[in-house]
Amino acid sequence: MKRMKLRTNAGPLQGTIQVPGDKSISHRAVILGAVAKGETRVKGLLKGEDVLSTIQAFRNLGVRIEEKDDQLVIEGQGFQGLNAPCQTLNMGNSGTSMRLIAGLLAGQPFSVKMIGDESLSKRPMDRIVYPLKQMGVEISGETDRQFPPLQLQGNRNLQPITYTLPISSAQVKSAILLAALQAKGTTQVVEKEITRNHTEEMIQQFGGRLIVDGKRITLVGPQQLTAQEITVPGDISSAAFWLVAGLIIPGSELLLKNVGVNPTRTGILEVVEKMGAQIVYEDMNKKEQVTSIRVVYSNMKGTIISGGLIPRLIDELPIIALLATQAQGTTCIKDAQELRVKETDRIQVVTDILNSMGANIKATADGMIIKGPTVLYGANTSTYGDHRIGMMTAIAALLVKQGQVHLDKEEAIMTSYPTFFKDLERLCHD
């Protein structure tokens with residue numbers, strides 16, 4: 001088996017990075033553009049495999065989408081403009097694509113089968129199946145956890161519902177809201193903890209109306225959306241890898257440009273500042289929620305991460321775990337059981353990989369207890385098909401002074417950050 005040999009024993013990282021477009025916003029720009037009336041143009045779209053799965057799904061549903069002058073142009077025909085697909089919709093590795101598009105297709109008068117790759121086929125869809133069934137959709141997956149493939153028969157006469165989310169999940173909230181845009185009457189979604197709000201913000205950007213009152217979102221349907229010009233900011237979840245690398249590799253100084261700082265996503269910035277990070281925000285644009293972040297090597301100390309903070313940094317927890325292995329003292333992550341049903345069981349996989357490199361991490365039911373600082377050594381590792389695990393391992397390898405780090409299935413990183421290794425080489429000034 002051919003494994004990728006990762007760069008180890010890096011000197012200080014220096015330079016400027018423009019991280020790729022935000023994955024969450026890219027998905028939603030395509031989804032809403034596909035059912036808005038008129039021509040939507042998207043600048044700065046992430047061209048990772050997950051977003052390409054969303055684009056391909058809408059092409060299969062009859063929407064014209066093409067690239068022109070570095071923009072994605074979507075010819076939306078409104079909610080009535082989608083056609084029954086001639087083939088199965090393949091969502092690849094993308095849970096966002098499957099869950100949000102299932103919500104959108106809930107109000108369509110045709111049936112569709114949605115499949116995914118091996119990893120997506122192990123991710124539970126019961127969380128969207130139950131609320132969508134309550135709205136009048138025929139939808140089912142495999143076993144009682146409703147694993148993909150999903151079979152869905154839409155319903156033009158969707159019923160509005162009031163639904164309290166049993167878990168903190170922006171994807172489930174979004175699926176219900178996308179269905180609610182096509183239901184006659186008032187739908188309310190009540191969150192357990194506030195999760196990323198890109199769907200709510202972008203529905204409004206496309207001319208939709210909803211009311212957010214704390215953890216309660218109210219939407220009266222049906223509604224029509226109007227095409228927009230969207231500029232996608234850099235993805236804070238991708239920036240997080242460089243942020244942590246800059247903090248833990250001695251002598252480093254990095255400038256991360258044009259990073260999206262929607263407050264529902266900035267948990268990582270609060271955590272690293274609490275741990276002692278020296279970071280400076282430059283060119284902050286509060287209206288557009290974009291900033292550049294200058295980060296320098298810092299002496300970090302352990303902390304506790306729990307509660308309402310977790311949904312605001314759920315995707316950053318693997319790289320935060322690496323940071324904690326280099327911080328003084330104990331870091332405790334709890335209330336993060338959602339990590340167990342991501343692309344991999346991220347609690348177990350992060351623990352196993354970093355411990356194999358010499359870290360001191362104890363996995364718990366809903367998180368990790370990490371003692372630092374520890375020296376990291378070479379090991380044979382795998383992404384297990386999970387992009388964020390791969391990037392975490394590549395950053396960890398930079399700290400290794402003894403031994404080699406080999407990574408299997410590195411192609412998973414293409415999901416969200418196709419130029420990751422190119423950017424890494426640029427920052428390693430040997």
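In case you wondered, yes, glycine gets a Cβ from its N, Cα and C as well.
Residues or ranges marked as active site, proton acceptor by Swiss-Prot on the basis of sequence analysis: D315. In sequence order, S237, A240, R388 constitute the residues six or more apart from D315 (active site, proton acceptor) in its chain with CB-CB distances below 8 Å.
Here Swiss-Prot flags K23, S24, R28, S169, Q171, D315, K342 as 3-phosphoshikimate binding site, drawing on sequence analysis. All protein chains shown were included, and the count of other CB atoms within 10 Å of the CB of S24 (3-phosphoshikimate binding site) stands at 29. Under the DSSP three-state reduction, S24 (3-phosphoshikimate binding site) is assigned to helix.
The phosphoenolpyruvate binding site annotation in Swiss-Prot covers K23, G95, R123, Q171, R346, R388 and is backed by sequence analysis. The local packing around R346 (phosphoenolpyruvate binding site), expressed as other Cβ atoms within 10 Å of its Cβ over all shown chains, amounts to 25.
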Inter-residue Cα distance where the pair is R346 (phosphoenolpyruvate binding site) and S169 (3-phosphoshikimate binding site), in Å: 16
Inter-residue Cα distance where the pair is K23 (3-phosphoshikimate binding site) and R123 (phosphoenolpyruvate binding site), in Å: 19
Cβ packing number for K342 (3-phosphoshikimate binding site), 10 Å threshold: 20
3-phosphoshikimate binding residues K23, S24, R28, S169, Q171, D315, K342: largest Cα-Cα distance, in Å and rounded to whole number: 19
Euclidean distance between Cα atoms of R346 (phosphoenolpyruvate binding site) and R28 (3-phosphoshikimate binding site), Å: 25
